[in-house]
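Copied from TrEMBL, the annotated features are:
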- 1-25: region 'Hydrophobic' (REGION)
- 31-90: domain '4Fe-4S' (DOMAIN)
- C48, C51, C56, C73: [4Fe-4S] cluster 1 binding site (BINDING)
- 103-127: domain '4Fe-4S ferredoxin-type' (DOMAIN)
- C112, C115, C118, C152: [4Fe-4S] cluster 2 binding site (BINDING)
- C122, C142, C145, C148: [4Fe-4S] cluster 3 binding site (BINDING)
- 132-162: domain '4Fe-4S ferredoxin-type' (DOMAIN)
Amino acid sequence: MYVLSAIVSLTLLGLVLGLLLGIAGKYLKVESSPIVDELEALLPGSQCGQCGFPGCRPAAEALAEGCAPATMCPPGGSALAEQIAALLGLDLDLSDVKEPELLVARVSEATCTGCTRCFKVCPTDAIVGAPKQIHAVVADACIACKKCVEVCPTECLQMHPIEVTLRNWRWAKPLNVPVQPMGTGSNAVC
């Protein structure tokens with residue numbers, strides 16, 4: 001009898017609390033700005049922190065508020081800066097923007113002690129390994145944020161340029177252009 005009453009009371013308690021959470025989620029919902037969502041979609045999304053913000057969402061919020069320049073994202077380079085400026089309607093000076101150099105972290109196996117500091121700070125989990133064993137860098141996942149180089153006590157991690165090939169070359173994210181259906185306006189199909 002005690003077991004049955006405990007099951008019933010816990011089930012009812014769960015249902016009531018779930019209902020309260022559902023109602024609270026509906027009425028206390030925080031609406032996000034559509035411009036912040038668009039800016040966040042343009043940003044790389046790697047949460048590297050090279051811009052000085054803890055992630056891409058806070059960076060997008062700062063851009064929307066006008067607290068950060070359109071050229072704030074080093075990995076994005078001038079292509080991203082142009083897209084941000086076009087979205088926000090800003091005039092853009094690209095004289096201080098340099099194109100990001102394609103770099104990748106490499107581990108010197110002779111000096112790696114397996115301290116695990118590097119893969120704890122890597123925002124993309126590009127470094128793999130186990131404690132007290134030599135680590136390795138997954139080149140395709142490395143975004144060259146240099147956080148691993150800064151925390152390595154033995155300086156076994158170094159940034160090396162990588163050659164641009166068809167395998168690693170990437171298009172910049174294009175702007176969302178409204179698509180006009182064929183057969184309307186001056187693009188009429190006969």
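Here, residue 1 is simply the first one shown, and the rest follow in order.
Each Cβ is built from the backbone N, Cα and C atoms, and glycine gets one as well.
Please treat TrEMBL annotations as automatic predictions, because they have not gone through curation.
Features recorded in TrEMBL, as mapped to the structure shown.
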residue : record                          : Cβ contacts under 8 Å, 6 or more apart
C48     : [4Fe-4S] cluster 1 binding site : P75, P123, T124, I143, C145, K147
C51     : [4Fe-4S] cluster 1 binding site : A59, A68, M72, C73, P74
C56     : [4Fe-4S] cluster 1 binding site : E40, L43, P44, G45, S46, Q47
C115    : [4Fe-4S] cluster 2 binding site : P131, C152, P153, T154
C118    : [4Fe-4S] cluster 2 binding site : I127, H135, C148, V151, C152, L157
C122    : [4Fe-4S] cluster 3 binding site : C145, K147, C148
C142    : [4Fe-4S] cluster 3 binding site : L103, V104, A105, T124, A126
Worksheet, complete the sentence: For the domain '4Fe-4S ferredoxin-type' (103-127), the distant same-chain contacts (Cβ-Cβ under 8 Å, at least six residues beyond its ends) come to 46-49, 133-139, 141-162
Worksheet entry | Nonlocal residues around C112 ([4Fe-4S] cluster 2 binding site), in sequence order (Cβ under 8 Å, 6 or more apart) | I134, H135, T154, C156
Discussion item. DSSP on the domain '4Fe-4S ferredoxin-type' (132-162): how many residues come out helix, how many strand, how many coil?
Written reply: 5 helix, 7 strand, 19 coil
Discussion item. Going by DSSP assignments with H, G and I as helix and E and B as strand, what are the residue counts for the region 'Hydrophobic' (1-25)?
Written reply: 24 helix, 0 strand, 1 coil
Practice prompt. Could you name the residues, excluding C112, C115, C118, C152, of the same chain that surround the [4Fe-4S] cluster 2 site, i.e. Cβ within 8 Å of the Cβ centre of those residues, in sequence order?
Written response: V107, T113, G114, T116, R117, H135, C148, V151, P153, T154, C156, L157
